[in-house]
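As given in TrEMBL:
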- A:Cys146, A:His148, A:Glu180, A:His204, A:His400: Mn(2+) binding site (BINDING)
- A:227-319: domain 'Peptidase M20 dimerisation' (DOMAIN)
There are 4 protein chains.
Amino acid sequence: MNTNIQLPPEQYLIDLRREFHAYPEPGWCEYWTTVRIVEELEDIGVDDIHIGPDALDTNERLGVPEERVLSEWFDKAESKTNRTDILERIEGGRTGAVAVVDRGDGPTVGLRVDIDALPIRESTDGDHVPAAECFRSKNEGFMHACGHDAHVAFGLGTLRTVAESEFRGTFKVFFQPSEELLGGGKPMAVGPHVDDVDYLIGTHVGLDHPTGTVISGIDEVLALSRLAITFSGESAHAGVAPNQGSNAVQAFVTAASNVYGIPRHSDGATRVNVGEISSDNPANVIADRATATIEVRGESNDAMEYMRDSVRRYVESAAEMHGCEAEIALVGAGIREDSDEELVELVSEVANGIDSVSSVVRRGSAGASEDVTYLMRVVKANGGNASYIGIGGGNPSGHHTPTFDIDEDCLLIGVSTLSKTVLELLS
Amino acid sequence: MNTNIQLPPEQYLIDLRREFHAYPEPGWCEYWTTVRIVEELEDIGVDDIHIGPDALDTNERLGVPEERVLSEWFDKAESKTNRTDILERIEGGRTGAVAVVDRGDGPTVGLRVDIDALPIRESTDGDHVPAAECFRSKNEGFMHACGHDAHVAFGLGTLRTVAESEFRGTFKVFFQPSEELLGGGKPMAVGPHVDDVDYLIGTHVGLDHPTGTVISGIDEVLALSRLAITFSGESAHAGVAPNQGSNAVQAFVTAASNVYGIPRHSDGATRVNVGEISSDNPANVIADRATATIEVRGESNDAMEYMRDSVRRYVESAAEMHGCEAEIALVGAGIREDSDEELVELVSEVANGIDSVSSVVRRGSAGASEDVTYLMRVVKANGGNASYIGIGGGNPSGHHTPTFDIDEDCLLIGVSTLSKTVLELLS
Amino acid sequence: MNTNIQLPPEQYLIDLRREFHAYPEPGWCEYWTTVRIVEELEDIGVDDIHIGPDALDTNERLGVPEERVLSEWFDKAESKTNRTDILERIEGGRTGAVAVVDRGDGPTVGLRVDIDALPIRESTDGDHVPAAECFRSKNEGFMHACGHDAHVAFGLGTLRTVAESEFRGTFKVFFQPSEELLGGGKPMAVGPHVDDVDYLIGTHVGLDHPTGTVISGIDEVLALSRLAITFSGESAHAGVAPNQGSNAVQAFVTAASNVYGIPRHSDGATRVNVGEISSDNPANVIADRATATIEVRGESNDAMEYMRDSVRRYVESAAEMHGCEAEIALVGAGIREDSDEELVELVSEVANGIDSVSSVVRRGSAGASEDVTYLMRVVKANGGNASYIGIGGGNPSGHHTPTFDIDEDCLLIGVSTLSKTVLELLS
Amino acid sequence: MNTNIQLPPEQYLIDLRREFHAYPEPGWCEYWTTVRIVEELEDIGVDDIHIGPDALDTNERLGVPEERVLSEWFDKAESKTNRTDILERIEGGRTGAVAVVDRGDGPTVGLRVDIDALPIRESTDGDHVPAAECFRSKNEGFMHACGHDAHVAFGLGTLRTVAESEFRGTFKVFFQPSEELLGGGKPMAVGPHVDDVDYLIGTHVGLDHPTGTVISGIDEVLALSRLAITFSGESAHAGVAPNQGSNAVQAFVTAASNVYGIPRHSDGATRVNVGEISSDNPANVIADRATATIEVRGESNDAMEYMRDSVRRYVESAAEMHGCEAEIALVGAGIREDSDEELVELVSEVANGIDSVSSVVRRGSAGASEDVTYLMRVVKANGGNASYIGIGGGNPSGHHTPTFDIDEDCLLIGVSTLSKTVLELLS
């Protein structure tokens with residue numbers, strides 16, 4: 001195997017990761033993040049940089065926040081950078097980028113990293129390294145609590161490594177927005193840059209594996225649909241004449257109490273959960289509006305679709321029962337695709353050849369959902385190969401918690417594993 | 001006031017009441033009861049006896065039991081009487097009778113008494129008089145636990161008294177089946193004998209009032225609908241593939257949990273209750289069938305109809321939610337009609353003139369439901385007068401309980417009050 | 001009857017009402033409102049002005065908003081007045097005032113008016129008089145949509161009238177905060193100024209009665225409790241391990257679906273409603289927190305307490321079922337007290353003697369809830385008399401709607417009726 | 001491999017199967033079935049026959065029917081056999097038998113077959129072979145709809161074959177009652193005859209596999225608990241005073257609507273279903289009693305226990321919410337144990353050597369529940385080996401349906417596979 005590669009200095013990766021960690025932005029609001037990525041791409045000197053609408057199919061975006069939210073983040077980004085040339089192109093929740101290094105004939109390899117953060121307030125605890133070492137989130141209430149800051153560093157570090165190596169073919173890095181919302185995977189997948197990819201690599205840090213462990217292929221990503229539900233009823237005075245109203249809260253409560261009980265599916269695990277519930281009506285008024293988000297998952301795409309269709313029917317029936325109307329909008333979606341054996345085999349070999357890798361797990365199970373699977377599906381449908389690779393990271397507390405962190409030793413392991421895999425494929 | 005009337009001996013009333021008490025029959029199964037009433041009418045010597053289909057409109061019956069149940073009671077009655085001439089005419093749940101005493105020109109007065117019993121197992125306690133004095137129910141599992149045995153005695157006693165008096169006009173007694181099911185009132189009301197009634201008197205014993213109290217007019221009978229609900233789904237193995245079924249139990253549970261929460265109505269009190277729930281499917285099979293009875297009431301007819309229509313919609317929506325079908329059948333119905341002041345005034349005067357009456361309440365509130373109101377509505381619509389009269393009876397425990405009993409001293413008070421009122425109206 | 005009174009000019013009342021209409025403040029935030037009332041009281045020249053903590057028992061306040069909300073309204077008030085001497089005394093949600101005119105020996109008469117507004121955005125429609133005539137709410141999102149602006153005018157107008165008349169005894173006007181939240185009635189009632197009141201008059205404008213109608217006594221105010229509910233559970237990843245969480249949304253949904261079904265009560269009408277529901281957790285996280293407000297009412301105090309205690313039990317059980325904790329705080333309370341015949345009779349006589357009064361209704365039914373009943377209860381318990389008087393006001397659309405308005409012709413009718421009644425009592 | 005065995009004539013197996021098919025008996029009521037098995041064992045001439053209480057630990061039985069039901073089946077059996085010597089020993093729901101053939105030193109092999117039937121009315125359709133060929137169920141309403149008639153034939157046929165062969169060691173056949181109720185497995189497992197078993201073989205016919213297929217080891221039997229639930233409340237008149245009752249139907253409905261929504265478990269598939277629901281109270285009475293059976297399953301024993309414990313807590317909380325009491329009784333239980341590789345390997349080899357076997361599946365997945373796993377657990381805990389073997393049977397419609405049937409060609413395949421496996425182990 002070719003191991004004569006020049007990895008970037010570890011401090012470069014740590015600095016990158018900490019800078020992105022300090023400025024987390026939620027899905028479709030990664031304005032500053034996109035700008036900084038592009039600046040770095042310019043510094044690396046890639047052949048093509050596709051930004052925003054040129055990087056993905058913006059019509060396919062799911063879960064785009066309302067204009068007010070987009071504007072707030074745009075303004076925040078504008079105050080931190082003078083690259084209005086880039087900002088202009090991504091305004092309106094059209095974030096993300098694709099970098100291309102083209103060395104002529106040969107296969108095309110794609111690496112997909114996700115760049116968005118979560119609406120979680122980061123811990124201020126002295127034991128929490130980002131707090132102690134002053135790179136805690138400066139966007140209060142938001143946090144890179146799932147390691148996408150490390151993913152950006154993986155993407156840029158791998159790109160820099162590969163770009164400085166000799167190879168034949170094309171290498172693309174997909175900086176995908178809005179993974180947490182499961183809103184960006186499909187737009188990227190059906191965008192203009194995935195169709196010619198022969199080998200697609202997704203990656204994730206942490207996953208409760210310690211530093212030094214590499215999972216060559218993660219399977220059993222749960223398929224998912226996220227539905228935004230609005231019940232509309234009619235107000236009435238709750239004391240004088242409750243019968244004259246149509247109670248949106250009752251409709252919601254009936255829907256919610258029933259969706260948890262959608263019959264289990266023969267294909268295996270399914271999931272359903274209700275979140276972000278809201279109705280502002282004071283209790284002395286029969287509520288004319290109630291909203292919620294309902295999320296379903298399935299071990300198979302069939303099971304997930306069964307859950308999703310059931311939720312739709314349950315919600316409609318609950319609305320009808322209580323004389324209300326229901327609106328149902330899809331705001332997030334993920335599918336299941338498993339990793340291909342060819343790539344799993346290659347990654348295992350590569351990882352076994354890296355000194356700092358102490359353990360290689362051929363195949364792991366995801367438990368959660370992801371939308372890199374949309375890119376995987378396109379590549380596989382075209383006859384290509386795809387794998388979703390885990391880089392252990394020794395996080396002390398679970399993903400999506402206020403004290404989530406990574407062990408920065410994993411940054412170089414990740415870049416090393418990914419770069420060598422890419423270069424093997426392009427050798 | 002005319003008080004020169006010849007009341008029957010008290011022992012005659014007690015004997016009658018105890019005989020009927022010993023052989024309780026549920027709604028539309030009052031075969032033996034109807035036969036014995038007719039025998040007594042023959043003994044009294046009334047002018048006309050209308051039986052079964054000649055007494056009421058059998059097409060309007062609600063809550064008629066299934067054939068198997070009807071047959072059992074018919075067979076039981078057949079074994080206790082040789083009056084097959086009567087039995088033949090009432091077979092198939094076509095019970096009930098109307099007696100007419102016609103003395104030519106003058107007003108028509110109607111007295112309605114109900115004759116059915118309840119599916120309650122009568123107490124065997126030594127303190128329970130019917131048990132101690134050997135006239136406890138001989139139809140095990142059924143009981144005159146609401147005093148309709150006394151009502152029959154009121155009806156026959158009053159008829160005997162009136163028939164032996166001089167008066168002008170017509171006196172009719174309506175021996176109505178199936179009041180407990182609220183199934184017989186409407187058939188009697190739309191039958192051929194109510195239309196010409198000028199004064200209609202309904203009556204009830206007990207009602208938590210002591211012996212000696214007469215309530216001249218009972219109001220606020222709650223309007224009622226009773227709906228028999230059947231959910232039909234599809235079976236599936238509950239372990240292998242619950243998703244392949246359509247769960248009738250889930251549909252029922254959704255309907256039931258919601259109907260209790262139908263919004264309260266501005267017209268005042270409403271009621272809803274679920275009873276007789278059943279699904280035979282073992283738990284390892286997704287249930288394809290579940291049945292229940294749902295009963296709604298309202299202080300106004302509007303409020304009741306709102307409740308009934310809501311139940312229908314809730315049940316349909318719950319079925320739809322769970323992929324089931326729902327059948328909804330009306331099996332009992334009552335309306336609200338209040339007593340007319342003219343009759344209330346007369347009854348008060350009459351009752352005040354009776355020595356054994358110690359207290360006269362002009363108007364009382366019912367709390368429960370009744371279907372004499374259907375007869376009252378017809379009479380009132382025709383310009384007549386109606387009242388529903390309570391005869392206190394000192395029952396030691398509540399109506400519809402296994403130790404319900406009446407104080408037999410009330411029998412003569414009832415007959416006296418009713419006879420004198422009738423004769424006043426026909427004087 | 002004494003009719004030699006000097007009423008204030010109608011325009012004075014209209015100006016007052018419009019000024020208060022333009023600056024609505026919600027319960028416990030009536031800072032500017034209290035200042036302006038006190039300024040007017042100073043202008044009238046009453047004997048005593050009790051402000052905030054001197055007017056009511058602040059420990060008994062219910063539904064006081066959080067500090068952040070109180071501060072915002074305080075700052076807003078501070079920017080509109082230089083009477084920091086008054087503001088200082090009412091800071092921290094300690095609003096309200098009591099005015100006293102003391103003319104020595106004689107009975108004590110109290111008039112209670114409420115001064116708070118609602119969180120409703122006032123209509124901008126050209127047909128809506130306050131919008132057309134430029135006194136629409138300047139506190140966007142809040143509105144005098146229940147006529148308390150008119151009540152303040154009634155209180156000040158009546159006070160001015162009475163103060164300028166000759167009488168014996170004492171007249172007090174209670175400017176009560178936070179009636180809409182049912183949070184201010186009890187603090188005022190158990191405060192230092194109600195105990196010696198012999199006659200207590202409450203009043204309300206509108207109530208779907210036209211201008212010219214006076215209701216001498218409103219009864220059947222529904223007793224009420226408002227409970228703020230917080231369910232606390234434990235978060236978990238909704239995809240990876242939902243079983244590891246304790247789902248606060250499920251606990252809420254179970255509680256809500258059941259409280260609507262609390263069995264109806266034999267005392268008559270009851271009410272229950274759920275409002276202000278909220279849980280911020282996104283759907284991919286099992287919710288660790290959900291909040292709601294539950295409101296119950298009853299035609300009797302017993303029925304309301306049954307509802308309230310049931311809600312407490314239901315909420316606790318729902319929390320337990322789902323492994324959560326529940327906190328339940330009482331944030332609003334009202335009781336039922338009916339009007340006394342003596343006062344109803346007097347008000348009827350007075351109203352019949354006023355030219356502009358075209359119709360006097362002796363007793364009306366409230367349908368909704370009120371907390372003037374707490375003051376009524378104290379006065380009645382001390383052997384005094386109380387009535388709650390309605391002043392018809394021709395509002396074109398219902399109370400608590402964005403286009404609610406009053407017919408300003410009713411202002412003088414109200415002041416006239418109230419002043420004459422007070423002076424009759426003090427003559 | 002030793003294939004010199006003398007199989008019984010096919011017609012013998014068919015006759016046996018048809019005889020048992022015609023007289024299905026439900027769990028713990030297999031009186032006639034046990035008698036006939038013992039008669040056959042006597043005919044074969046085994047060394048020991050342990051019957052009823054000598055065969056299993058009767059204290060561990062779950063789901064034993066009430067005395068009335070047991071008596072009915074006992075009487076029915078008594079009328080069909082004169083072997084009162086056997087009947088006496090199994091009266092009171094103490095059915096089942098263990099047969100032992102002891103040939104001295106050597107390993108002990110156990111074969112477990114289950115013998116009970118289902119409460120399903122068998123099809124009378126002309127296409128249904130048992131109907132057409134006159135061995136349809138003579139116990140109307142009950143049916144061998146899961147092939148246990150074939151299992152008895154497997155057991156007796158294998159025993160006859162083995163007993164007529166030469167071998168070393170001990171062969172036991174466990175004729176286990178009450179598998180459908182998951183009530184007999186544990187009593188058999190903890191009884192006196194399993195502890196010394198070195199190799200334990202369970203078997204099942206059909207399972208949607210065609211005749212000619214053998215599944216060498218069935219895994220992923222779902223662990224199961226079946227709970228009988230009784231809610232006790234307090235009656236009240238549903239019209240007069242519903243608030244005075246404690247509604248057992250509401251408690252049930254709350255429990256049922258919630259148990260379907262017990263959060264999914266991270267271990268994979270779980271199941272929950274509610275069956276046999278019942279409340280006799282008519283709808284005009286607040287129900288004081290409601291019963292149901294709730295069944296939970298899990299892909300792991302942990303997941304099942306989580307479901308079971310959740311049901312207990314949900315039921316208790318639902319009772320408490322509605323002021324009721326809940327009784328919860330375990331009436332059925334199964335665990336998950338997977339097949340051991342050593343036996344799976346042997347069975348595969350054996351089956352591949354049988355001409356009429358066209359396909360060997362090494363491992364299959366069960367989907368449903370079984371209680372042979374209790375015997376497997378004991379054997380495995382003692383260091384032995386166990387496997388649960390499937391014999392394809394070409395049933396035209398699903399297990400537990402009225403037209404379930406087996407292809408009788410599979411009888412000889414089953415006996416052949418089982419006998420040869422046993423003799424291999426004892427060679």
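Going from the start of the chain as shown, residues are counted 1 onward.
Including glycine, each Cβ sits where the backbone N, Cα and C put it.
Here the binding-site residues are A:His148, A:His204, A:His400, and the one whose Cβ sees the fewest other Cβ atoms within 10 Å is A:His400. Excluding the listed site residues A:Cys146, A:His148, A:Glu180, A:His204, A:His400, the same chain places A:Asp114, A:Asp116, A:Leu118, A:His144, A:Ala145, A:Gly147, A:Glu179, A:His399 with Cβ atoms within 8 Å of the centre of the Mn(2+) site Cβ atoms. On its own chain, A:Cys146 (Mn(2+) binding site) has A:Ala117, A:Leu118, A:Glu180, A:Gly206, A:His399, A:His400, A:Phe404 as residues at least 6 apart in sequence with a Cβ closer than 8 Å to its own Cβ. In this entry, A:His400 stand out among the binding-site residues A:Cys146, A:His148, A:His204, A:His400 as having a C-beta under 8 A from a C-beta of chain C.
In the predicted model, the domain 'Peptidase M20 dimerisation' (A:227-319) shows an average pLDDT of 95. Every protein chain considered, the tally of other Cβ atoms within 10 Å of the Cβ of A:Glu180 (Mn(2+) binding site) stands at 23.
Broken down by DSSP into helix, strand and coil, the domain 'Peptidase M20 dimerisation' (A:227-319) contains 34 helix, 32 strand, 27 coil. A helical conformation is recorded for A:His148 (Mn(2+) binding site) in the three-state DSSP classification.
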